[in-house]
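Accompanying notes for the structure given below.
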Amino acid sequence: MVKLLEGKNIVIMGVANERSIAWGIAKSLHRAGAQLIFTNRQERSYKKLSKLLEKHNIKAKLMVNCDVASDESIQQAFGQIKEEVGVIHGVVHSIAFANREDLKGAFYDTTRDGFLLAHDISAYSLVAVTKAARELMTEGGSIVTQTYLGSERVMRNYNVMGVAKAALEASVRYLAEDVGKEGIRVNAVSSGPIRTLSAKGVSGFNDINSIIEEKAPLRRSVDQDQVGDATLFFLSDLSRGVTGEVLHVDSGYHIIG
Ligand code: NDP
(Lines of atoms letter the chains of each structure in order from A and count residues from 1; the text may use other names and numbers.)
(Lines give C-alpha, C1' and ligand atoms only; values in the text may rest on other atoms or scores of the structure.)
Protein backbone atom coordinates (compact mmCIF):
# COMPACT_ATOMS: atom_id res chain seq x y z
CA MET A 1 0.00 0.00 0.00
CA VAL A 2 1.22 3.51 -0.82
CA LYS A 3 1.94 5.35 2.43
CA LEU A 4 -0.39 8.26 1.70
CA LEU A 5 -0.14 9.65 5.23
CA GLU A 6 3.53 9.05 6.03
CA GLY A 7 4.69 11.56 8.64
CA LYS A 8 1.20 12.98 9.19
CA ASN A 9 -0.28 13.44 12.66
CA ILE A 10 -3.98 12.60 12.71
CA VAL A 11 -6.37 12.96 15.66
CA ILE A 12 -9.08 10.28 15.83
CA MET A 13 -12.08 11.03 18.06
CA GLY A 14 -14.68 8.33 18.77
CA VAL A 15 -13.30 4.81 19.15
CA ALA A 16 -15.55 3.04 21.70
CA ASN A 17 -14.74 -0.55 20.71
CA GLU A 18 -13.78 -2.89 17.84
CA ARG A 19 -17.08 -2.19 16.04
CA SER A 20 -16.67 1.61 16.05
CA ILE A 21 -16.44 3.26 12.65
CA ALA A 22 -13.49 5.22 14.06
CA TRP A 23 -11.64 1.93 14.65
CA GLY A 24 -12.08 0.96 10.98
CA ILE A 25 -10.69 4.39 10.14
CA ALA A 26 -7.77 3.98 12.57
CA LYS A 27 -6.71 0.76 10.82
CA SER A 28 -6.82 2.38 7.35
CA LEU A 29 -4.84 5.41 8.51
CA HIS A 30 -2.27 3.24 10.29
CA ARG A 31 -1.71 1.19 7.13
CA ALA A 32 -1.20 4.48 5.27
CA GLY A 33 1.63 5.42 7.64
CA ALA A 34 -0.15 8.02 9.82
CA GLN A 35 0.87 8.79 13.39
CA LEU A 36 -2.33 8.42 15.41
CA ILE A 37 -3.53 10.52 18.32
CA PHE A 38 -6.73 9.30 19.98
CA THR A 39 -9.31 11.06 22.11
CA ASN A 40 -11.80 9.18 24.31
CA ARG A 41 -14.62 10.28 26.54
CA GLN A 42 -15.28 7.31 28.80
CA GLU A 43 -12.66 5.36 30.75
CA ARG A 44 -14.30 2.20 29.35
CA SER A 45 -13.55 3.31 25.77
CA TYR A 46 -9.98 4.19 26.71
CA LYS A 47 -9.43 0.68 28.08
CA LYS A 48 -11.03 -1.01 25.05
CA LEU A 49 -8.93 1.11 22.69
CA SER A 50 -5.72 0.36 24.60
CA LYS A 51 -6.38 -3.38 24.24
CA LEU A 52 -7.23 -3.04 20.54
CA LEU A 53 -4.03 -1.13 19.84
CA GLU A 54 -2.01 -3.78 21.62
CA LYS A 55 -3.76 -6.61 19.77
CA HIS A 56 -3.17 -4.98 16.38
CA ASN A 57 0.36 -3.90 17.24
CA ILE A 58 -0.41 -0.22 16.63
CA LYS A 59 1.40 2.37 18.72
CA ALA A 60 -0.58 5.52 19.48
CA LYS A 61 1.43 8.73 19.45
CA LEU A 62 -0.82 10.07 22.20
CA MET A 63 -4.14 9.30 23.92
CA VAL A 64 -6.05 12.12 25.60
CA ASN A 65 -9.40 12.47 27.30
CA CYS A 66 -12.00 14.68 25.59
CA ASP A 67 -15.67 15.20 26.32
CA VAL A 68 -17.04 17.34 23.48
CA ALA A 69 -19.90 18.49 25.71
CA SER A 70 -17.38 20.76 27.45
CA ASP A 71 -15.46 23.63 25.82
CA GLU A 72 -12.91 23.34 28.59
CA SER A 73 -12.32 19.65 27.87
CA ILE A 74 -11.84 20.38 24.12
CA GLN A 75 -9.39 23.18 24.97
CA GLN A 76 -7.50 20.94 27.35
CA ALA A 77 -7.32 18.04 24.89
CA PHE A 78 -6.03 20.12 21.97
CA GLY A 79 -3.74 22.05 24.35
CA GLN A 80 -2.15 18.76 25.39
CA ILE A 81 -1.87 17.64 21.75
CA LYS A 82 -0.16 20.94 20.88
CA GLU A 83 2.27 20.56 23.75
CA GLU A 84 3.16 16.93 23.10
CA VAL A 85 2.80 16.60 19.32
CA GLY A 86 2.88 20.14 17.92
CA VAL A 87 1.51 20.26 14.38
CA ILE A 88 -1.43 18.09 13.31
CA HIS A 89 -2.56 17.39 9.74
CA GLY A 90 -5.99 15.86 10.22
CA VAL A 91 -8.92 15.22 12.53
CA VAL A 92 -11.46 12.40 12.35
CA HIS A 93 -14.68 13.40 14.13
CA SER A 94 -16.71 10.21 14.66
CA ILE A 95 -18.99 11.26 17.52
CA ALA A 96 -22.74 11.44 18.02
CA PHE A 97 -25.22 11.11 20.85
CA ALA A 98 -28.97 11.29 21.45
CA ASN A 99 -31.20 9.97 24.19
CA ARG A 100 -32.50 6.50 23.39
CA GLU A 101 -36.13 7.60 23.90
CA ASP A 102 -35.66 10.19 21.14
CA LEU A 103 -34.69 7.50 18.60
CA LYS A 104 -38.10 5.90 18.28
CA GLY A 105 -41.74 6.86 17.83
CA ALA A 106 -42.87 10.31 16.71
CA PHE A 107 -40.30 13.06 16.07
CA TYR A 108 -42.68 15.63 17.56
CA ASP A 109 -42.29 13.93 20.93
CA THR A 110 -38.64 15.04 21.09
CA THR A 111 -38.13 17.17 24.18
CA ARG A 112 -36.36 20.52 24.04
CA ASP A 113 -33.52 19.09 26.15
CA GLY A 114 -33.25 15.99 23.97
CA PHE A 115 -33.15 18.12 20.81
CA LEU A 116 -30.44 20.38 22.23
CA LEU A 117 -28.37 17.44 23.53
CA ALA A 118 -28.37 15.66 20.14
CA HIS A 119 -27.38 18.86 18.35
CA ASP A 120 -24.75 19.78 20.94
CA ILE A 121 -22.86 16.48 20.86
CA SER A 122 -23.49 15.48 17.23
CA ALA A 123 -23.24 18.81 15.36
CA TYR A 124 -21.91 21.70 17.47
CA SER A 125 -18.97 19.54 18.56
CA LEU A 126 -17.59 19.66 15.00
CA VAL A 127 -17.65 23.47 15.12
CA ALA A 128 -15.84 23.59 18.49
CA VAL A 129 -13.33 20.92 17.44
CA THR A 130 -12.57 22.70 14.15
CA LYS A 131 -11.88 25.92 16.04
CA ALA A 132 -9.46 24.17 18.39
CA ALA A 133 -7.82 21.99 15.71
CA ARG A 134 -7.12 24.76 13.17
CA GLU A 135 -4.66 26.34 15.62
CA LEU A 136 -2.51 23.20 15.30
CA MET A 137 -2.93 22.83 11.52
CA THR A 138 -0.20 25.27 10.59
CA GLU A 139 0.77 23.20 7.53
CA GLY A 140 -2.85 22.91 6.30
CA GLY A 141 -5.03 19.95 7.06
CA SER A 142 -8.17 17.91 6.61
CA ILE A 143 -11.13 17.38 8.93
CA VAL A 144 -13.57 14.51 8.29
CA THR A 145 -16.84 13.81 10.08
CA GLN A 146 -19.34 10.93 9.87
CA THR A 147 -22.95 11.51 8.81
CA TYR A 148 -25.96 9.45 7.72
CA LEU A 149 -28.68 9.52 5.03
CA GLY A 150 -31.26 10.29 7.73
CA SER A 151 -30.19 13.94 7.28
CA GLU A 152 -31.60 14.00 3.73
CA ARG A 153 -34.52 11.61 4.00
CA VAL A 154 -36.91 10.46 6.66
CA MET A 155 -35.54 7.19 8.01
CA ARG A 156 -37.92 5.64 10.52
CA ASN A 157 -36.91 6.22 14.18
CA TYR A 158 -33.76 8.20 13.29
CA ASN A 159 -35.73 11.35 14.21
CA VAL A 160 -33.70 13.96 16.10
CA MET A 161 -30.43 12.44 14.94
CA GLY A 162 -31.47 13.00 11.31
CA VAL A 163 -32.07 16.66 12.08
CA ALA A 164 -28.73 16.88 13.94
CA LYS A 165 -26.96 15.26 10.96
CA ALA A 166 -28.52 17.88 8.66
CA ALA A 167 -27.02 20.55 10.95
CA LEU A 168 -23.71 18.67 10.89
CA GLU A 169 -23.63 18.59 7.07
CA ALA A 170 -24.48 22.30 6.82
CA SER A 171 -21.74 22.95 9.39
CA VAL A 172 -19.29 21.07 7.14
CA ARG A 173 -20.02 23.56 4.36
CA TYR A 174 -19.78 26.70 6.51
CA LEU A 175 -16.59 25.46 8.19
CA ALA A 176 -15.09 24.54 4.81
CA GLU A 177 -15.51 28.17 3.74
CA ASP A 178 -14.05 29.50 7.01
CA VAL A 179 -10.86 27.46 7.00
CA GLY A 180 -10.36 26.93 3.26
CA LYS A 181 -8.12 29.99 3.06
CA GLU A 182 -5.86 28.38 5.68
CA GLY A 183 -5.41 25.31 3.48
CA ILE A 184 -7.73 23.24 5.66
CA ARG A 185 -10.48 21.09 4.11
CA VAL A 186 -13.67 19.87 5.83
CA ASN A 187 -15.69 16.93 4.48
CA ALA A 188 -18.13 14.25 5.60
CA VAL A 189 -18.57 10.56 4.87
CA SER A 190 -22.18 9.39 4.80
CA SER A 191 -21.95 5.73 5.62
CA GLY A 192 -24.59 3.06 5.14
CA PRO A 193 -25.85 1.38 8.34
CA ILE A 194 -23.22 -0.53 10.32
CA ARG A 195 -23.82 -2.52 13.52
CA THR A 196 -22.13 -0.48 16.25
CA LEU A 197 -22.87 0.46 19.84
CA SER A 198 -24.47 3.76 18.75
CA ALA A 199 -26.53 2.08 16.01
CA LYS A 200 -28.06 -0.19 18.65
CA GLY A 201 -29.64 2.88 20.21
CA VAL A 202 -31.76 3.56 17.11
CA SER A 203 -34.88 1.41 17.24
CA GLY A 204 -34.90 -1.13 14.37
CA PHE A 205 -31.66 0.24 12.88
CA ASN A 206 -30.12 -3.16 12.32
CA ASP A 207 -33.03 -4.22 10.08
CA ILE A 208 -31.98 -1.56 7.57
CA ASN A 209 -28.95 -3.70 6.72
CA SER A 210 -31.09 -6.27 4.95
CA ILE A 211 -32.78 -3.52 2.92
CA ILE A 212 -29.35 -2.32 1.74
CA GLU A 213 -28.41 -5.86 0.71
CA GLU A 214 -31.62 -6.14 -1.26
CA LYS A 215 -31.94 -2.67 -2.81
CA ALA A 216 -28.53 -0.96 -3.04
CA PRO A 217 -26.80 -1.12 -6.45
CA LEU A 218 -23.90 -3.13 -4.98
CA ARG A 219 -26.33 -5.48 -3.15
CA ARG A 220 -24.12 -5.68 -0.05
CA SER A 221 -23.85 -3.86 3.26
CA VAL A 222 -21.09 -1.46 4.19
CA ASP A 223 -18.41 -2.14 6.80
CA GLN A 224 -16.05 -0.07 8.91
CA ASP A 225 -13.10 -0.80 6.62
CA GLN A 226 -14.84 0.69 3.58
CA VAL A 227 -15.60 3.85 5.56
CA GLY A 228 -11.98 3.78 6.78
CA ASP A 229 -10.59 3.84 3.24
CA ALA A 230 -12.99 6.61 2.12
CA THR A 231 -11.94 8.68 5.15
CA LEU A 232 -8.30 8.02 4.26
CA PHE A 233 -9.01 9.50 0.81
CA PHE A 234 -10.32 12.69 2.44
CA LEU A 235 -7.32 12.93 4.76
CA SER A 236 -4.80 12.38 1.98
CA ASP A 237 -3.58 14.60 -0.82
CA LEU A 238 -5.63 12.55 -3.31
CA SER A 239 -8.65 14.67 -2.31
CA ARG A 240 -6.74 17.99 -2.29
CA GLY A 241 -9.33 19.58 -4.61
CA VAL A 242 -12.34 18.55 -2.51
CA THR A 243 -13.92 20.43 0.41
CA GLY A 244 -17.40 20.95 1.84
CA GLU A 245 -18.42 17.58 0.38
CA VAL A 246 -20.59 14.73 1.64
CA LEU A 247 -19.45 11.41 0.15
CA HIS A 248 -21.87 8.49 0.36
CA VAL A 249 -20.21 5.18 1.20
CA ASP A 250 -23.41 3.15 1.16
CA SER A 251 -23.19 0.69 -1.75
CA GLY A 252 -25.03 3.36 -3.75
CA TYR A 253 -28.25 3.09 -1.70
CA HIS A 254 -28.90 6.86 -1.72
CA ILE A 255 -29.49 6.95 -5.50
CA ILE A 256 -32.36 4.48 -5.31
CA GLY A 257 -35.86 5.97 -5.20
P1 NDP B 1 -19.78 4.14 18.40
O2 NDP B 1 -20.76 4.02 19.52
O3 NDP B 1 -18.80 3.08 18.22
O4 NDP B 1 -19.02 5.53 18.49
C5 NDP B 1 -19.62 6.70 18.98
C6 NDP B 1 -18.56 7.50 19.70
O7 NDP B 1 -19.08 8.77 20.12
C8 NDP B 1 -18.04 6.80 20.96
O9 NDP B 1 -16.66 6.60 20.87
C10 NDP B 1 -18.37 7.79 22.09
O11 NDP B 1 -17.36 7.88 23.07
C12 NDP B 1 -18.40 9.10 21.31
N13 NDP B 1 -19.07 10.14 22.09
C14 NDP B 1 -20.38 10.23 22.43
N15 NDP B 1 -20.58 11.32 23.20
C16 NDP B 1 -19.37 11.94 23.33
C17 NDP B 1 -18.92 13.10 24.01
N18 NDP B 1 -19.74 13.89 24.73
N19 NDP B 1 -17.60 13.44 23.92
C20 NDP B 1 -16.74 12.67 23.23
N21 NDP B 1 -17.11 11.55 22.58
C22 NDP B 1 -18.40 11.18 22.63
O23 NDP B 1 -20.71 4.29 17.10
P24 NDP B 1 -20.39 4.56 15.55
O25 NDP B 1 -19.03 4.16 15.22
O26 NDP B 1 -21.54 3.99 14.82
O27 NDP B 1 -20.55 6.15 15.46
C28 NDP B 1 -19.55 7.02 14.99
C29 NDP B 1 -20.14 8.08 14.09
O30 NDP B 1 -20.62 7.47 12.88
C31 NDP B 1 -21.34 8.82 14.68
O32 NDP B 1 -21.30 10.18 14.29
C33 NDP B 1 -22.52 8.14 13.99
O34 NDP B 1 -23.68 8.93 13.95
C35 NDP B 1 -21.92 7.94 12.62
N36 NDP B 1 -22.61 7.01 11.73
C37 NDP B 1 -22.88 5.73 12.14
C38 NDP B 1 -23.54 4.85 11.31
C39 NDP B 1 -23.82 3.45 11.73
O40 NDP B 1 -24.61 2.78 11.06
N41 NDP B 1 -23.24 2.95 12.78
C42 NDP B 1 -23.98 5.26 9.96
C43 NDP B 1 -23.60 6.59 9.60
C44 NDP B 1 -22.97 7.44 10.47
P45 NDP B 1 -17.50 7.06 24.45
O46 NDP B 1 -17.71 5.64 24.07
O47 NDP B 1 -16.19 7.30 25.14
O48 NDP B 1 -18.67 7.64 25.16
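Backbone N, Cα and C atoms are what each Cβ position is placed from, and that goes for glycine too.
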For the NAD(+) site that TrEMBL lists with Ser20, Ile21, Asp67, Val68, Ile95, Lys165, Ile194, Arg195, Thr196, Leu197, Ser198, give the additional residue from the candidates Gly14, Gly86. Gly14
To which of the binding-site residues Ile21, Val68, Ala98, Leu197 does the lowest count of other Cβ atoms within 10 Å belong? Leu197
Which ones in the same chain are close to Lys165 (NAD(+) binding site), with CB under 8 Å and 6+ residues apart in sequence? Ala96, Ser122, Ala123, Thr147, Tyr148, Gly150, Ser151
Whole-Å Cα distance, Ala98 (substrate binding site) to Arg195 (NAD(+) binding site), is 17
Of Ala98, Tyr158, Lys165, Arg195, listed as recorded positions, which ones have a Cβ less than 6 Å away from ligand 1? none
